[in-house]
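In what follows, a single structure is set out as structure tokens and then discussed.
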Amino acid sequence: MDEGVRAMMESALTARDRVGVQDFVLLENYTSEAAFIENLRKRFKENLIYTYIGSVLVSVNPYKDLEIYNKNHMERYRGVNFYEVSPHIYAVADNSYRSMRTERKDQCILISGESGAGKTEASKKILQYYAITCPASEHVQTIKDRLLQSNPVLEAFGNAKTLRNDNSSRFGKYMDIQFDFKGAPVGGHIINYLLEKSRVVHQNHGERNFHIFYQLIEGGEEDLLRRLGLERNPQQYHYLVKGNCPKVSSINDRSDWKVVRKALTVIGFNDDEVEELLNIIASVLHLGNVQYGGEEGSACITSDTQIKYLARLLGVNGAVLTEALTHKKITAKGEELMSPLNMDQASSARDALSKAVYGRTFTWLVNKINFSLANKDESNKNYSVIGLLDIYGFEVFQNNSFEQFCINYCNEKLQQLFIELTLKSEQEEYEAEGITWEPVQYFNNKIICDLVEEKFKGIISILDEECLRPGDASDLTFLEKLEDTVGGHPHFVTHKLADGKTRKVMGRDEFRLQHYAGDVNYNVNGFLDKNNDLLFRNLKEVMCMSENNILTQCFDKEELSDKKRPETAATQFKTSLAKLMEILMSKEPSYVRCIKPNDSKQAGRFDEVLIRHQVKYLGLMENLRVRRAGFAYRRRYEVFLQRYKSLCPETWPNWHGKLSDGVSTLVKHLGYKPEEYKMGRSKIFIRFPKTLFATEDALETRKHGLATKLQAGWKGYSQKSKYQKLRGSAIAIQAWWRGILARRRAKRRRQAADTIRRYELFIKGFINRHKERCPENEYFLDYVRYSFLTNLRKNLPKNVLDKSWPTPPAALTEVGQLTVFMELHMEQKMIASEIFKDKKDNYPQSVSKLFLNTRLSKAGPDLSSFWAQYAVTVTKYDRKGYKARTRQLLLTANSAIIVEEGKLKQRIDYGALKGISVSSLSDGLFVLHVPSDDNKQKGDVILQSEHVIETLTKIAICADKINNINISQGSIQFTVGQGKEGVIDFTAGSELLVTKAKNGHLSVTAPRLNSR
């Protein structure tokens, strides 16, 4: 368990002096109601809203947000023993969950309390706890989301603002959460009880109708309201103005509407179902606005607008609906007749239809939610269940009617079950531990339950009989029948049967029941109508003809052919309550008792009178008395021994024998008297809280001595550990340093040996330095190369043409030759750039090509006798006919020589060369100009070379004519012979073409490769 969890654990014993006791069982004066309430008050003032009575959780509504419901708090209570942590709703939830998992027995959590005490919030907190802490998968997450989202939907349709609570549940709810063998929620099922349908048509002053009406009007989109025929003003609707409370400061209807719409989608409602559901809600509001007029005894509807909306929204015939709202179908002598209704009857029929439509739609809604929560995995039907019962608490108003009668009857049954199960669990625990069970005196409210539900003689039976009998049955005749039948019952009183003092506070139309929680006066007016809950046959027929799919399911046509009278509301409630009792009896129960601290919903205000009343009708003192009738405190041996073993030298620090022997040794050492405790099979039972508190005080004293001893032991241990750690570190550092020194010595020895070996190799290499590379001189030669290259790297010349390149050693002769070649090559490239860059079209193509010393193939004629510095194949054009002839151009030290197949054809001394002409195009023609008066030369020489840039650069360098190369744009004139001139015309074209033109000129067409 992590430190955060341990820090939160608050013992009910050690915290008793700070904020009362966390378990009322540990109250010394447990029979005092004042002491009980004072303990509640102390804890409430400290925002400790939860307190135990044994395993029962008492919760006081704080009317403010407390930071005790986040995920961290959930983790603190997850898997922790019930009594190890401070009281919390999460502790109850986790205890039920662990019991279900370990014992494989279904559980239920019963949440009760009056309106505004926080029952609904408690059930939501339990659902949230399971949603966060239980294992999850994709399917399980869907079920978790639907379980959580069912709350806002049911609250919207089943909750309303009352005088006591802004979000009061107006129906009872029992929800089963189904878990698989892994403990993950896989499904759920909801049963609803006794929806307060009368609220649809009437609300007391300061109260509201069900939330959904206001949410729809306030939050619905404009298009939606227009389609439903609604206005954004609740004051326009008769069913929403009776309480005169359209707005509530604590409720945001607009945002709640968004939550409900999202929740409907999550649960699985499609768009058509949502549309039809909202049509029904809107139709109820329109029904309320149906107004009647007409002559006395025959009502008629005065406005057709509402009927038009109703016909469209309900999917019924408007004329048929109008007739059904103003007439009643009666059967006389086998014939069906339509009898007109008077104004009051018509209004009652309209309200009855509104209540029936809303009530049945609510039942359909619950069934729809159940369908979405159902576990559809056929292979996983063996699930465990935790049930949540969120049901109305005992209600006592100024005017109590049929609804309060049913609600209080329900609470009588739950109290009866509560006492029975509490006594049963106590007795079973005593018997399991071998402790003698001492009978407990308590108020058995079976007598009140029988008064209400007994066949033929109970109040419900009498009410049903009065509803069914022919003649003029009324609420007052029902009261008279009660006086005649149960008038002698000790828990029943009427104005007629009461004494003079009681008559002063009772009306003549009231009867009083003496409940376990106190006396309640019930006004009989409306009992028969509410119990009958009848809808005229012709109104049912209209609803059965509806095209709205939800109403089709709510109003079954078989209902019309069933001649049997439907069960009354009270009998239905009695039957469903009996089924609920069976469900609860089959499960292991846990209890949450919710208390409202004040009627004004103010945080921090503690109304002692109101709380005393709730403590009474919740039966908390009775429960405490039952729990304390035997032994106040019981714990398993291992828990008791673990906590208090330090108080006995024989059990401290560890007990190695049987646990029961260890506990027995411990309590004898503590001086427990025989009447103060009993030893069970696995638990110790302590009768008096003072005995336990004395033990706890001894533990507090002992803790100081233990703390000192532990501190001393810890200090010694920590110092010893520190010394051992320092010693180990010192040894490690010493070993590491010795290793470093040894490695350094070994390295120096290896370096010395290597140096000696290298020196020997160096001497041998120097002696044999002029020989071919061999093992004796390779080290020396490598060293010479390395030294030269290292020195060269440090003293590199500025550029390749720099004349200061160092001379390489003999070992680098090849590299030196390559360097010289590259130097000469780069010089030639620089000269070519000076002459031709941006002047001759094909210059850029020559830049990337090496300038070679020969372009002749080895298979050609032998020209070695000419000692040529450069040789290239050229095409020579005759000066007269321009006939092309293949020749070789050789450049020697003094002249340019033209040869054919090794035979000298012409020699041009460099001194006699006047200049060189070439075109700016991409052709390879050039002209060598020689003196016309030179008898050795017959005229200028016209040549063509594929490597014209290279050739002309070589000639310019060899003849020193770098500045005598003329690059012409259009034509070149040349000397044919003495006194004769020729012309070469150059034009740009698509391909190279050399021909003799008609004008006698040599015509050269060359493609333009580069635009200058």
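Using the three backbone atoms N, Cα and C, a Cβ is placed for every residue, glycine included.
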In TrEMBL, which of 71-93, 439-461, 577-599, 623-645 is tagged region 'Actin-binding'? 577-599
Count the Cβ atoms, other than its own, that fall within 10 Å of the Cβ of Ala117 (ATP binding site), considering every protein chain shown. 24
Quick note, Gly116 (ATP binding site): same-chain residues at least 6 apart with CB under 8 Å of its CB -> Asn61, Thr162, Arg164, Asn165, Ser168, Lys596, Asp599, Lys601
Per-residue pLDDT averaged over the domain 'TH1' (825-1008) comes to what? 86
For Lys119 (ATP binding site), write down the residues of its own chain that are at least 6 apart in sequence and whose Cβ falls under 8 Å from its Cβ; none is a fine answer. Ile111, Ser112, Gly113, Ser169, Asp390, Ile391, Gly393, Val592, Cys594
Counting only residues 6+ away in sequence within the same chain, which have a CB under 8 Å from the CB of Glu114 (ATP binding site)? Arg164, Tyr392, Gly393, Phe394, Glu395, Cys594, Lys596, Gln614, Tyr617
